[in-house]
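K.L.:
Sharing the features that Swiss-Prot gives for it:
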| type | residues | note |
| --- | --- | --- |
| SIGNAL | 1-18 | signal peptide |
| BINDING | 44, 45, 84, 302, 303 | Ca(2+) binding site |
| ACT_SITE | 84 | active site, nucleophile |
| MOD_RES | 84 | 3-oxoalanine (Cys) |
| CARBOHYD | 117 | N-linked glycosylation site |
| BINDING | 137, 162, 251 | substrate binding site |
| ACT_SITE | 139 | active site |
| CARBOHYD | 215 | N-linked glycosylation site |
| CARBOHYD | 356 | N-linked glycosylation site |
| CARBOHYD | 497 | N-linked glycosylation site |
């Protein structure tokens, strides 16, 4: 353990250690009525068509559909990348991966994480007097100062990366199936590269591993319980709060829960959707009972469905990427086709966000940072540029204008990680590179470069089936604008205060509560309750 981490650990625990589990709920002069609370819920691998309010074929999201009817639904809302870590880094920084340094996923053995000179949303709100909590999937570094407790979150409860990145005793549904954790002295090996069998999946509460391996069957219940506790105690304290939830749903493995047993005859994915919907419903109910008029709830997703998981993957709705499917491969997660980054999104704030409104504004996960900061009355860092915009006027029904331009970074299917080779301009979308991710049948679409680019008009072709004729007046009118926009953003990034993530790996940073066991197995230490708030 390096001296830097020891110093950060000492300072963090000294500052927070007077109350376990590291949350100071004591009043600090702020009252809840002065500033709004924020609950941001991020689903994992959820398709645009998985939300019933978006797609009539989906019948498993009653609570989310109710939230859509009681708030605002966004139909042209996009993840900042088409894979886990980059999308989450952009949510917390308001910056694309070429600026914040996170262009692809971190591993179990990753030494680094979201670069330390990047300012997170939680850090800005902490400075503004908020109590901050993060529950669920982090996936932005877990070693040393990259842990959520050192990135602005007073409280953390969750898995530090995707819940398929470690073995469990209850593996759940996956494609292909993965083995359970070993119980003896010998590791259980799998020939499948997507199965992690060496180390059990850890569950953290703040800096401590409280369960390894995680019991996936009860994980949703624990997340709901901790979220409800956090909202309760933060509300009682008189301080405004930020709760960021990174759900395990709908990423594989899909757990074999009691709900799954009740819904016999239903597909596992549908049962998982209902469990996720129930979890979100519990959190919304708690908000409604505790701080309804002063809490803004934002629900969205990190990227589109993971098509290679076949029947365990979600629905892209009408965004089928037909041009790419004809070339081979999947046009969903890891790609820059609409199915990879167009995600469900809902906003709920009684009395502030209008009821039962569908917004067509072009918005992004990038906008969460500047919007929340503005609503909190805080200030953006002045030493860097941001790619998100303050969407308050859209949220309050005063405008339908979002981005004119949006960039979709390469996310693994084709091109260099993080590179900006897909550009949205109004209803037009230009591809300088294309490629399909691995599909259910194992097919992968080959990488193709296009200069001049493929350009689609999404107003007439949401399926991205037929690109504009390069000789047409419409194409020739759009092309120079796309080229100018792309050149401008690259020039801006070159002159910006950018970061570079450390992607080196070392087995010594693997989370392990019992190095004497082949899979790091240990008994749960028991759950802690939040402090009473007495000072």
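Our numbering is plain: 1 for the first residue shown, then up by one each step along the chain.
The backbone N, Cα and C atoms fix where each Cβ goes, glycine too.
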K.L.:
Please compare the recorded positions 303, 356 by how many other CB atoms fall within 10 Å of each one's CB, and tell me which has the fewest.
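P.N.:
Relative to the other recorded positions in 303, 356, 356 has the fewest Cβ atoms within 10 Å.
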K.L.:
Identify which of the recorded positions 117, 162, 215 has its Cβ surrounded by the largest number of other Cβ atoms within 10 Å, counting every protein chain shown.
P.N.:
162
K.L.:
Quick one: which residues besides 137, 162, 251 have a Cβ within 8 Å of the substrate site's Cβ centroid, in sequence order?
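P.N.:
Here the nearby residues are 44, 45, 84, 139, 159, 161, 163, 164, 165, 246, 248.
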K.L.:
Which number gives the other C-beta atoms within 10 angstroms of the C-beta of residue 44 (Ca(2+) binding site), all protein chains shown included?
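P.N.:
A count of 24.
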K.L.:
When a 10 Å sphere is centred on the Cβ of residue 139 (active site), how many other Cβ atoms does it contain?
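P.N.:
Counting Cβ neighbours of residue 139 (active site) within 10 Å gives 28.
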K.L.:
In whole Å, how far is residue 302 (Ca(2+) binding site) from residue 117 (N-linked glycosylation site) when you measure between their Cα atoms?
P.N.:
23
K.L.:
Using the centroid of the Cβ atoms of 44, 45, 84, 302, 303 as reference, list every other same-chain residue with Cβ within 8 Å of it (recorded Ca(2+) site), in sequence order.
P.N.:
42, 43, 46, 79, 83, 87, 251, 301, 333
K.L.:
CA-CA, which of the recorded positions 44, 45, 162, 215, 356 lies nearest the residue listed as 'active site'?
P.N.:
162
K.L.:
In angstrom units, rounded to an integer, how far apart are the Cα atoms of residue 215 (N-linked glycosylation site) and residue 162 (substrate binding site)?
P.N.:
14
K.L.:
So the record assigns 137, 162, 251 to substrate. If I measure every Cα pair among those residues, what is the longest distance in angstrom, as a whole number?
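P.N.:
Output for substrate binders 137, 162, 251: max Cα distance 11 Å.
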K.L.:
If I take the alpha carbons of residue 162 (substrate binding site) and residue 44 (Ca(2+) binding site), what is the distance between them in whole Å?
P.N.:
9
K.L.:
Below 8 Å Cβ to Cβ and six or more residues apart, same chain only. Which residues does that give for residue 302 (Ca(2+) binding site)?
P.N.:
42, 43, 44, 45, 79, 84, 87, 88, 91, 246, 343, 365
K.L.:
Inside 10 Å of the Cβ of residue 497 (N-linked glycosylation site), count up the other Cβ atoms and send me the figure.
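P.N.:
For residue 497 (N-linked glycosylation site), the 10 Å Cβ neighbour count is 12.
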K.L.:
Can you tell me how far the Cα of residue 251 (substrate binding site) sits from the Cα of residue 303 (Ca(2+) binding site), in Å?
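P.N.:
Rounded to a whole number, the Cα-Cα distance is 10 Å.
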